[in-house]
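For reference, TrEMBL lists these features for the protein:
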type	residues	note
ACT_SITE	Ser191	active site, nucleophile
ACT_SITE	Asp361	active site, charge relay system
ACT_SITE	His394	active site, charge relay system
DOMAIN	58-116	domain 'Partial AB-hydrolase lipase'
SIGNAL	1-29	signal peptide
Amino acid sequence: MIMSASSFPSLALGCFLLVLVVELHVALGLSRGSMLDVGSGGTVAPPVTSGICASSVVIYGYKCQEFDVVTPDGYILSVQRIPEGRAGGGGSGGTNKQPVLIQHGVLVDGMTWLLNPPEQDLPLILADNGFDVWIANTRGTRFSRRHTSLDPANADFWDWSWDEVVQFDVPAVLDFIHGKTGQKIDYVGHSMGTLVALASLSEGKLVDKLQSAALLSPIAYLSHMTTALGVAAVKAFVGEMVKLAGLVEFDPKGEPVANFLQALCANPGVNCYDLLAALTGKNCCLNVSTVDLFLKNEPQPTSTKNMVHLAQIARDGVLAKYNYGIPGFNVMHYGDVRPPVYNLSNIPRDFPIFLSYGGKDALSDPKDVQRLLDSLKLHDVGKLTIQFLENYAHADFIMGVNAKDVVYSQVLSFFKNQQ
């Protein structure tokens, strides 16, 4: 069943991870490491006893640094840096190496890139190939759950959507990396990590800091999905309903979300025992032990407003800023009754883009990717590289056992061609 743009299929982006937690009763595995005081632009942290560096990078023989980056609206974002490969290679702490920022999707964090053995993980592959690697963690996730004045228990802490990630998070992290390296930065995004890059580039925000972008399983339009759980979520109007009910934090481990998802699983035709395939498409190349590790570390919280905003893309069929639902509120925020549209055709035509998508992907559906490609149809010859993988689904791009050879080798070649 293909769903129309008048519905809410994008809510299933979250539901797939959330129900996995409810049904399989998996707890989060790692805790927050300690940090130094935060300066105006971020400061290096001392060695951590837990967190991404200690648990998933240093143990494999790589150097790793933890940073705090403060956004203009006060969120304190955790960023990891892998300055060199396992073999060393210069020992210069990343100086003169090409920096690359890796941005995760919705309801996960930077750990999602580091779940396979080290020789299969994109950040470590990039480090071993001479790149200065930086890993982002979006606001609200476990390592970026801090603010200069707000507490996560305060509703105002969760008053944001991916608009603010576009406006504040990504530019702040890129400014920080540029300040440390003095170089333009390559970018890798998956899922919502592609959405925020595309939206930012369309507004000219990142052009002066980015050298190129690799977009894996890209999300820009969300009008198609083939999943019974998505249909059930559509009928429930989950996003706006929970927002109106005062649930500002969309926490997969919280009782309200768990109760809602258990109700969804009771719908006829919804199979909550094979959700990875049902929601992402049939992934071709996942290792069972990697999926188990994934479930120990993900999903992560996000704001309910963010989930509503993703739903609005599907419902309206337009890539636009958050719609407050009341014309007067939109006028107050935007000066118009309708939210401004992110015009992807404004992305500079000479900006190098690598785009890889899968034929079995139920989230980044090929029909929606074709609409994205149509927005880029005037891109300069040689500046847009497209890879289509017939048997790949959404999770294969970050956890596939053969992604190193099938996808990451192409990302490496693309980046090296920009140097």
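Just so it is clear, glycine is given a Cβ too, placed from its N, Cα and C backbone atoms.
Because TrEMBL annotations are produced automatically, they should be read as predictions rather than curated entries.
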If you average per-residue pLDDT over the domain 'Partial AB-hydrolase lipase' (58-116), what number do you get?
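That region's mean pLDDT is 89.
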Do you know offhand how many angstrom separate the residue listed as 'active site, nucleophile' and His394 (active site, charge relay system) by C-alpha?
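Between the alpha carbons of the residue listed as 'active site, nucleophile' and His394 (active site, charge relay system) there are 8 Å.
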Taking helix as H, G and I and strand as E and B in DSSP, count the residues of the domain 'Partial AB-hydrolase lipase' (58-116) in helix, strand and coil.
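Helix, strand, coil within the domain 'Partial AB-hydrolase lipase' (58-116): 7 helix, 22 strand, 30 coil.
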